[in-house]
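I have placed the structure first, in the form of structure tokens, so that the comments after it can refer back to it.
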């Protein structure tokens, strides 16, 4: 199997630290007038997205171009899959064009892992079903490091639609490697009990106040209605019980930060006051996405 990035679970702590350290090297490019390097000059990256994406797809495009590579983005509606071609045949066709990496998002959990066994091209997982979203967890970790100075021993509350969240799973895998205390919180219908066994140090609760108490990091998640066959919790009641409001922050550590992988739904997962609060690092996450994905592309291709 060619080297790629399929998930956080398979990475060791040292590998994660190396990616995060390299991402820090790339951060200053954001404020420079000349943002382009020639690290991957002459390389080609194909972004193949079978699910809607703004942040991840655009971030990978910018990351590739800042490293000097060429990037082509293909959506499901613009691929031959929409004409009945199988996913394997589509990927084989792209592989025959000899790109240096394929960045792939798919609604089926495990799709990148399955295809990586058959393709000679490295695959970077940009999100597969409810399974993993490795680069999101890496950029979240970079953001936490920037504000908290460490990952070891932090209390991280992840709140929302845990059941359908690949972001939650990747963050659990990453943070547990650093000894963080992870509290997963949401309605019982969106909080599978087996997730307590996902990694060491994971605790489940349906009480948002318990989750937030003494937290260093509060990570809110979107309710993924598109993955639910029927509503798992009344939409009209969700914000009342699980929406983050300013008063909740008094329960957390004084310097606790608020995160969200986006897209955010104000008035459902968190209030506008919280989204725009000085301890919100939501836009920092977006910014760090570019540096982290530059580090990943360099590692996979360079």
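Glycine residues also receive a Cβ, built from the backbone N, Cα and C atoms like all the rest.
Quick look at what Swiss-Prot annotates:
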- 55, 56, 105, 133, 136, 262, 263: carbamoyl phosphate binding site (BINDING)
- 83, 166, 222: L-aspartate binding site (BINDING)
Protein Cβ atoms within 10 Å of residue 133 (carbamoyl phosphate binding site), excluding its own: 27
Residues near residue 136 (carbamoyl phosphate binding site) in space but at least six apart in sequence (CB under 8 A): 56, 127, 166, 167, 170, 171, 261, 289
Secondary-structure category, per DSSP, in which residue 133 (carbamoyl phosphate binding site) falls: coil
Cβ within 8 Å of the mean position of the Cβ atoms of 55, 56, 105, 133, 136, 262, 263: remaining residues of the chain near carbamoyl phosphate: 53, 54, 126, 127, 167, 261
Integer Å distance between the CA atoms belonging to residue 222 (L-aspartate binding site) and residue 263 (carbamoyl phosphate binding site): 7
Close in space, distant in sequence - residue 55 (carbamoyl phosphate binding site), Cβ under 8 Å, 6 or more apart: 262, 263, 286, 289
Residue 262 (carbamoyl phosphate binding site): secondary structure state under DSSP, collapsed to three categories: coil
